[in-house]
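Copied from Swiss-Prot, the annotated features are:
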- Met1: N-acetylmethionine (MOD_RES)
- 2-30: repeat 'ANK 1' (REPEAT)
- 31-63: repeat 'ANK 2' (REPEAT)
- 33-139: region 'Interaction with LIMS1' (REGION)
- 64-96: repeat 'ANK 3' (REPEAT)
- 97-129: repeat 'ANK 4' (REPEAT)
- 130-174: repeat 'ANK 5' (REPEAT)
- Thr173: phosphothreonine (MOD_RES)
- 180-212: region 'PH-like' (REGION)
- Asn200, Asn202, His203, Ser204, His270, Met272, Asn279, Lys341: ATP binding site (BINDING)
- Asp339: Mg(2+) binding site (BINDING)
- 363-371: motif 'Nuclear localization signal' (MOTIF)
- Lys425: N6-acetyllysine (MOD_RES)
Amino acid sequence: MDDIFTQCREGNAVAVRLWLDNTENDLNQGDDHGFSPLHWACREGRSAVVEMLIMRGARINVMNRGDDTPLHLAASHGHRDIVQKLLQYKADINAVNEHGNVPLHYACFWGQDQVAEDLVANGALVSICNKYGEMPMDKAKAPLRELLRERAEKMGQNLNRIPYKDTFWKGTTRTRPRNGTLNKHSGIDFKQLNFLAKLNENHSGELWKGRWQGNDIVVKVLKVRDWSTRKSRDFNEECPRLRIFSHPNVLPVLGACQSPPAPHPTLITHWMPYGSLYNVLHEGTNFVVDQSQAVKFALDMARGMAFLHTLEPLIPRHALNSRSVMIDEDMTARISMADVKFSFQCPGRMYAPAWVAPEALQKKPEDTNRRSADMWSFAVLLWELVTREVPFADLSNMEIGMKVALEGRPTIPPGISPHVCKLMKICMNEDPAKRPKFDMIVPILEKMQDK
């Protein structure tokens, strides 16, 4: 089978769908030129493939090596329907590439008149200059130039030249495709790992920042008592299910090994510059989480959990809380698979009871509806996002477990958005059977995001 980039170029929708259904495939990877699958589908005008990639979570504003976004390529080649689709999903209409050109520069240069009109109607600036001092209108033939000038004036644009600045891109979420080879290495040679700095140490092990094959990574070295052949076998059998590359809101385990001389099981995952959601909310990062960003994080988490809940069987021993949600460089929240517990790791112990559903504290795991319990955890995360507080911060884990089991609940303070407040209460229904499923709350959060 040809690679995914060829399938996207050729518009082979069936092959692309089969490739996307494999959880070990990363739809945001790049080829040797930094083109993502979405870049190629937009360049070649493959509308069905573009739709499929966007629906599965392809990054809209991803850049290739020349800083072109998919919108640059669709505009250059006159694929009007794809341009409109990208704009519908909030593509950056004035994104600049390495030459300082925005998509409108290319639509004008290549005579894509309808695309140019659509771009201006949606806010593309007609007088923004590239590195060479040229505006998009300078690239257009006379009739189109006059039409765009007239349209821009009607929309209230200032037609004075806007000089090029290196900072045009700041404040936008620009990312590059990920290394497409990382998902090919399930088994990793411990000797290839370069440990740079210890980030944390707790009951479950050590967390390190490291480098592997030229990539920044996080290395998690697990603490396990009485390591045995059976535990080694369980580790090797359970790891592959954590290599989920196919969803943008799930952070996969890249690979695993057992480190010498003492066999410490070791997991490797992507480096996340902002750390966890807990770090962002409670540990004084420079990241500002306003109402809009809080809803975005909630939507990201709901989408990730909706996907995980489609897996059969469910990933066992996964606990949803703000320490197990990581924040990517483009401010995307991702459910971390490296935080899933293995069968040999302290069965029965609860390390974050503040986020655990009361029935999960009172019953055995096999007697608990995991999907409903996860929805309770999500409700606590909503509370955390809007209050910026740690739930039950003044209590010990044992006290928290007792309190939640005995109907102690986080208090919803006044001033919270009524929409968020209502959603929180629905998700935290005392009757697990009455809590919604994640695929039911995703559309609600999408509407809240659009307001």
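Cβ atoms are placed via backbone N, Cα and C, with glycine included.
Computed from a predicted structure; not experimentally measured.
Distribution of Swiss-Prot features across the structure.
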| residue | record | Cβ within 10 Å |
| --- | --- | --- |
| Asn200 | ATP binding site | 12 |
| Asn202 | ATP binding site | 10 |
| His203 | ATP binding site | 9 |
| Ser204 | ATP binding site | 18 |
| His270 | ATP binding site | 21 |
| Met272 | ATP binding site | 19 |
| Asn279 | ATP binding site | 17 |
| Asp339 | Mg(2+) binding site | 24 |
| Lys341 | ATP binding site | 17 |
| Lys425 | N6-acetyllysine | 12 |
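Cβ atoms under 8 Å from those of the repeat 'ANK 3' (64-96) belong to residues 30, 33-36, 38-39, 41-45, 47, 50-51, 54, 102-104, 106-107, 110, 112, 114-116, 118-119, 122-125, 128, 130, 164, 168-169, 172, 174, 176-177 of the same chain, restricted to positions at least 6 beyond its ends. Using Cα positions, the member of the recorded positions Ser204, Met272, Lys425 nearest to Asp339 (Mg(2+) binding site) is identified as Ser204. Same-chain residues lying 6+ beyond the ends of the repeat 'ANK 2' (31-63) with a Cβ under 8 Å from its Cβ atoms: 3-5, 7-13, 16-17, 20, 69-71, 73-74, 76-77, 79, 81-82, 85-86, 89-92, 95, 97, 172-177, 180, 246-249, 303, 330. Broken down by DSSP into helix, strand and coil, the region 'Interaction with LIMS1' (33-139) contains 53 helix, 2 strand, 52 coil. Across the fold, the C-alpha of Asn200 (ATP binding site) and the C-alpha of the residue listed as 'N6-acetyllysine' stand 34 Å from each other. Put simply, the residue listed as 'N6-acetyllysine' is 25 Å from Asn279 (ATP binding site) when counted between their Cα atoms. Looking at the repeat 'ANK 1' (2-30) alone, the prediction's average pLDDT is 92.
Counting residues per DSSP class in helix, strand and coil order gives 16 helix, 2 strand, 11 coil for the repeat 'ANK 1' (2-30). With DSSP states grouped into helix (H, G, I), strand (E, B) and coil, the motif 'Nuclear localization signal' (363-371) comes out at 5 helix, 0 strand, 4 coil. DSSP gives Asn202 (ATP binding site) a strand state.
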